[in-house]
Each structure stands twice: as structure tokens, then as C-alpha cells.
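Swiss-Prot lists 7-22, 660-673 with the feature compositional bias 'Polar residues'. Under the heading phosphoserine, Swiss-Prot lists Ser90, citing a large-scale study or a structure entry as support. Annotation comment: Swiss-Prot describes 1-22, 561-587, 654-687 as region 'Disordered'. Marked as transmembrane segment by Swiss-Prot: 123-143, 165-185, 193-213, 217-237, 252-272, 284-304, 411-431, 440-460, 470-490, 501-521, 534-554.
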Amino acid sequence: MKPPLNMSRSNKPLTQEANSSAHIDRAHQLAQDFNSKQDDTALTSLPHKNPDIFRFENNITAHSSRRGSLYRDSDATVVLPLSEHTPRLSMDDPYRQLLQQAEISQLRSKKKRHSSRVLRTSFISFVVLVSSLSGLDQGLISGNVMTLSFQKYFHYPLTSPLGNIVSIVNLGAFMASLFVYSGILEPCSRKKMLQISTMIYSLGAIVQVLALNQWCLLLGRFLLGVGMGFAFSMVIIYQFEFPLPCIRKRTLISIQCVSSVIAYSFGIWINCAFRYLGFAWRYPLSTHVALGIILNLMSFYLILESPSWLLKQKNDVEALVLISNVFDDGNFEENQTQLKFRVLKRDILLKSHLQKNSYPYAYILKDFSSIIKLLIGFQLLTRTNGVDAFLYYSPLILQQMGRGERKSIYLTGLNALIYSIVILAYVPLVLRKRKEKTNVLLGSIVMCALLFTISFTDWFPKSTTRYISILFAVFLFTHFISWDSIGWVMTIELLPHLSQAPVILLVSNFYWIFKWFVSLITPILIDRLSWKFYLIPSLSSFISIIFVLKIFPIETRDERLDSDDDSTGNGSGNHDDVFDDTGSEFSSSPSFSAYQINTLGSSIKQNNQAYSSIQNEQILPKNGNLSNQTHGSAQNVYFITSDSGPSRTGEFFSFHNRTDPNISDNIAANKPSSGGGQNSPGDMAVA
């Protein structure tokens, strides 16, 4: 006699056992019978579409191998019997209920799910496109403002109005970046902010293309800069809140810099292609409109919400579903998904503990002030070394050397082509770890010599101008391999993972304001100083040599203070590979009482001990007392412990001070034996 079948939504388990090989076929048959009985056209009917097979967990049999079928268009669920040999998990596991809710939430979702590869590729592509916006604008506007059609339409603007037209986009980006750094948008959805930024960018691009006078052009370029800076800042927050294990952060930064170079070359040749048409200055600028449409579509349909933001909003179920979709194609049982969720949850707790009720990024100003000053110095020297002057005003410089309007634009295009080809050939070396101090020092020396040579071009014959453009290409290449990405790479080299995003946000403000200042005064200085102008960036390069010799930190030469793998949950620690292996093994079920937190170290050494992968004995001695550093200040050691029980679903962790008597027994119980098991605190990476 056939056992009764439970077709209700209560999902009560059946008592009859069934072989695992027949589970799927039987589930399909039961689902088809249910569909035929309901006679509802809204339900998915077999065999036209197979229902999703999923792993179901009820309140009694956690992590069982029960399988069922669920229609996307209804809540009807078919539950199959449980085998008596199925391994069971303790009811006290706090991850179990969240896992069950996440699986059900994902299966009942009617949204189309993309594969993990598509989602990761879309995210990386979006980051690269946003990072190339500035380079594209440099290429488009540098040649555009010197075309005859632009000069006639805007009544031959002088050096000061020309500087305003070129530089105002950087001013808008600075104001948007400063607004993001203010912390006002911290509670806002990352995805919505990205969508708003791309819409502002598109609006600015349209106003710029349809400009009727200089004021409309300035307004359009200002809005373009606001959208650019807004998107750039939100991408920084997004990529550091949700780093992908398939690509290292250092590699992603290098790829962003390369994409900016390619976009610059693309913008230059767009100008060359349309310069003979009527209203030739409008067609190249319309490239911004096309790119804005692409970014809008990607932000709406391919970019997911930041799981860290979801965890901040206590939406742990949605965060787990999102992590599973990105990393394991929706498979919640993979260790990578579970460990990534736990690591992000730990980071959110750490950051909330550091921020408390104060300004969101206040703690970095107190604890990393010396590093921040160093990074700001890098940005100042990078922008004043002459790179922005050549990128924005290369056609203007060549015209002052005696070349005509047409030849100056084509020589700039040749310059950009050589620049891009050499950079692409150098990409494999850029992505590898290098001796940063030696590299930056040699680059400063070469740039100083090149700029000093270019300053004497007024005495050269006019026929040698083409060779001067080659010197520009050599200068730009030298700058790229030495100074272009160092200000950003140093951030991930010197700072712990939790502080990298806010520090980069702060440094990006100075990046935009320095860029605005240089692009504003360059045409004025070129007009008034002539050949003496090149002595200014030459002097800046000479100061860079002294800066590198005296101030450049030595920590990045041999080993990094923070691990990309630690931030993504990857314990492989293989830094020789550019791309990490997505299939690398992950430690299972880490003991959260093993994570120790040293709050707010006042020096690089203390922060290294607090945040890097070190042994617990370096922070907490065996006698249980708080250790004193060489600086004489006692460290506050905290523990992240697990709160079990169904009443705490979604909130598994809490902070406890080491001296709290309520957890003394728990800490002693979690102390590893002399044998040292797999999850012993001595083998775990601290936050």
C-alpha cells in the first residue's frame, strides 16, 4: 500500500525510507501529479520544464540529504522521505537555520539567476569600465579642445577658460568623492548608489554633447565629473567590501590602471576619426553617452547588492543567497560559501566595533595618520610630475612647438598608440610583485632627465618635434610602470583589510583635487612660461627622488603586512600567482572564539600584530593577562564568540572583553590541547 503523500506547505517529513537514486525521479512524478490535480496554468508543467532540485532542511533533520522539487511560480513543495543513515547536525549549530531560510528564499525567488562566472565577470568588467572613465575623458577632451570646429564654436577660448573647461570634470569628481567620504551614504544601498551615479554620469554626458555655449558645456562636464567621482567612490567601497577570491586586489588595481591607459588612447583616436566632420567636437563627446548607457544597464541587471551592506542591515539570509550565487552557483553546502559568509560577518562586527557611534571613518584618522600622510604625498608627487599636463594638453604643447592643428592631433595619437602598445607588452610584469622602492626610484630619475631634456625644445629644429612626441611616450610609460599605481598599491600593502576602503576613499579626494589644480593651471603656465614650464615637473621629479630615498617604507619590499587571502577566506597564501585558485581548499567551521582583535593599534607594528596572520601567543600570553607592547600601552583583546540557539537566528556573534567573567569558562573550554587540532586558535588567522 502506498504511503500518504504530504503536498501541503508545512513540509512535514514522511516516515517511509526511499533509496537516494530514486529521489529525483519520484519527486518529479509527485510534482507532476500535483500539477495535474491543481489544473493551474500558472504552474510549471512537466516535462516542458524540470523543477529545481534542491537540498531541503527542516527543523529536525538539519543537513540531511532529503531532496524535493519546488515550482518557481508557486509555494508548492514536495518532500521526500529521509534515510535513517543520513548524517545529522546538532540543533545548536547557529548556521543551520540561516542555511535553511536561504535555500528556501533562493528557490522561491522568481528572478533570473546568472552563473557565478557571469556575475564575477560582470563585476570585474564594471569596475574596469568605471576606472577607465577618467582616462577616456582625458583622451577625448585633450584633442577635442584643439580642433578647429571646437575653437570656432566657442569663440576661441583663451588659456583660462580652456583650463576651466578641461578641469571642471575633476572638480565635480572631487565634490562627489568628498560627499561619499562624509559618511552620509553609509546606510544606503550600494547597488542603488551605483545606479544613481551612472544616471548622473549619463545626464552630464547628454548635456555636454548638446551644449549651446560655454556655460552649458561647463554644466555638462561638471555633472559628468560628479557621476564619475560618485561611481569611482562607490566602486571602491564595493570591491573592498566584497573582494573576489578569483582575482587579487593588487591585480585588480593594476588592471584598472591599464584600462585607463587604453581608454585614453581610444579617446585620442576617436578625435582623429571625427575631426573632418561638421560639429566634429560633438561626436567624440557622445562616446560618454554610449558608455553611460552600458554602465546603466550593467548596474541594473548584472551588478548585485553588496553582501556586506546586507549584513549591516541584518539581512543575513539575502547575504548568504548572494554569496552562494557569486561563489558556488547557488550551492550552499560548499565550504567557500559558508566561510566567506563567516569572514564577512566577522569584518562587519569588527568595523562596527571600531566605528561605534562616531563618524564612520574617524578611526583611520587617528590610527593611520602617518600612513595617510605618506599616501597623500604619493598622490601629490604623482600628479605634479607632469603626467596630467601631457595627457590633457599634449596637442597644445605640440602646437606651441611649431606643429599645426592637424599634425599635433595625429602626433598625439601616435604618442598614445606607442604608449598603449608598450603598456600592453608590459602588463605581465605589472601584475607581478616587484621591488617597489627600486622601481619608483629609477622611474623618478628617468622622468627628471626626460623633462629636463624636453625643456630645451625651443632650441631644437621644428622638424624634430615628432621625436619630442616619442619622448612624451617614453615619459608616460616610465611614469606608468613606476608611479601610476603606487599610491593605490601602497594602501593594500601597508593597511589591514578593514581600513583599506576608507583610506582609499580619503586618498581619492586628494587625487581628484590635485588633478583638478594641475589641469587648471597648466595652460596658463604653458602660455606664460613657455619652455620654463617643464622645469616645474622636472623639479617635482627631483623631489620624488629624495622622497623615495628618505620616506619610502621598507615593509613592502619583502613581505606584505596584510593578506588578500585572509580577507577572502582563502588560506592558500600563494602570492606568487597573479590569480588565486577559486577551487582552493577552505578551512571548515572556524572557531570564532579563536579570532582575537587588537583594537586601534597606534603604530604599524601594532596594527600588523592586530590584523595580520600571526600566532595568538603574540597578542595574548599563556597566563591570560593582557600583553604590553614595546610602546608600553596595554592592548584591548576581544573575542568573537558564537551565540547558539534559535532565538539568535542571523545574529551569531557578539563582542566580549577578555576580562569578562561571563565568558572566562568558554575561553578556557575553547583553549586547544597540546596536540593542536585543525581549528586550534594557534592555527587560525586573527582579524
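From the backbone N, Cα and C atoms, a Cβ is placed for every residue, glycine too.
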Intrachain neighbours beyond the transmembrane segment (534-554), with Cβ under 8 angstroms and 6 or more residues off its ends: 374, 377, 381, 384-386, 389, 436-437, 440-441, 444-445, 447-448, 451-452, 454-455, 483, 490, 494, 525
Closest-packing stretch to the transmembrane segment (193-213), where packing means Cβ pairs under 8 Å, from 123-143, 165-185, 284-304, 470-490, 501-521: 284-304
Contacting positions for the transmembrane segment (440-460) when only residues 6+ beyond its ends and CB under 8 Å are counted: 385-386, 401, 468, 471-472, 474-475, 478-479, 481-483, 486, 530-535, 537-538, 541-542, 544-545, 548-549, 552
Per Cβ pairs under 8 Å, the stretch of 165-185, 217-237, 470-490 packing most closely against the transmembrane segment (123-143): 217-237
Stretch in 165-185, 217-237, 252-272, 284-304 most in contact with the transmembrane segment (470-490), if contact is a CB pair under 8 A: 252-272
Same-chain residues near the transmembrane segment (165-185), Cβ under 8 Å, at least 6 residues beyond its ends: 134, 137, 141-142, 145, 157, 193, 197, 204, 214, 217-218, 221-230, 232-234, 237, 359-361, 392-393, 502, 505-506, 508-509, 512-513, 515-517, 519-520, 523
